[in-house]
């Protein structure tokens, strides 16, 4: 008896729901009293649909699928799809979850409040399908410096279409994208990037980044391989200072390139290398320097990309010498006077030679200073000082000072002072002048 009653109740409910569906299709009214939200869900995950009533007057709430089939009538699920499960039911809300969402579940779902006329609100479910792993390809594996390279990045099978960005190191580059829609409403995006490479790009990562609402941080990367001709630099191993006659010299040719330089050679511009110069790998060794070796020495380095060189200008200076000490000079006048110059010490005349450095192309080579000239200048200065002293001595000798003693002749034999004065007639004419000379 109970089984029959339950069967009748179920049949009545099914008939009632069908009538509601028919009525809802005929007289739908969109109401602000019934609200819901759109849902975006990734394929395979769970979507939750919520039908909410602001002011309920005990009317029935139900949820319909895009085909307007009843999923839930109050808390009862007439639809046999077990992926739909009741999350919450009350007078003001009907909340239902849909698990393992597929692309076929996409569409507009209807929240319906059974009044007269029925009130409806719509929830759109959008199914997101992430793209597969991006594929990055390069037109060539190795690029020569200064040439253009082309790369493509492809993101397949996504919904909606993905967007692609490019990064070279920490710099963003602009690519050109193309979107294609496949037969199953999926999208394939291909981005093409073209740029000119430099030797600094060798080993730099190029990254293709795919942006899509279903996934984050999806990317693929490749590393640039750039070939470039050698960079050449000449290093002086010794001597440390200026190259001088009699010294030995070693020059080292440092070359860097990709691929690594296999050929390194030395030449002397506009002349032959010294006969006893020794070349060992990248090094040039010259013994017993002399001025005939002056000139420009050039190092060449080559690889499969090209050839480069660097120059070193050699100027051999005189061997170090000691400046002679000036001798002292002596002269005499009526009063003998000796003039002695301070004993000469080490030569303090500023040198005109440059500080030790590598002479390079474009710099003028300095001339050596003749030490005989310095000695001649010192001798002239000493001679001029002696001449000045002699002239001064003669001048002071001619301008001598004099004085008279006023002692009268015969004053010693006078009996008294008056007699001495009388005997001294003629005043100064008969007196002797006594003179003193001062220098």
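A Cβ is built for glycine as well, from the same backbone N, Cα and C atoms used for every other residue.
Listed features, source TrEMBL:
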type	residues	note
DOMAIN	28-126	domain 'Ig-like'
DOMAIN	130-219	domain 'Ig-like'
DOMAIN	230-315	domain 'Ig-like'
REGION	341-363	region 'Disordered'
SIGNAL	1-25	signal peptide
TRANSMEM	372-392	transmembrane segment
List the helix, strand and coil residue totals of the domain 'Ig-like' (130-219) as derived from DSSP.
-> 3 helix, 56 strand, 31 coil
Could you break down the residues of the domain 'Ig-like' (28-126) into DSSP helix, strand and coil, giving a count for each?
-> 3 helix, 53 strand, 43 coil
Within the domain 'Ig-like' (230-315), residues counted as helix, strand or coil by DSSP = 3 helix, 50 strand, 33 coil
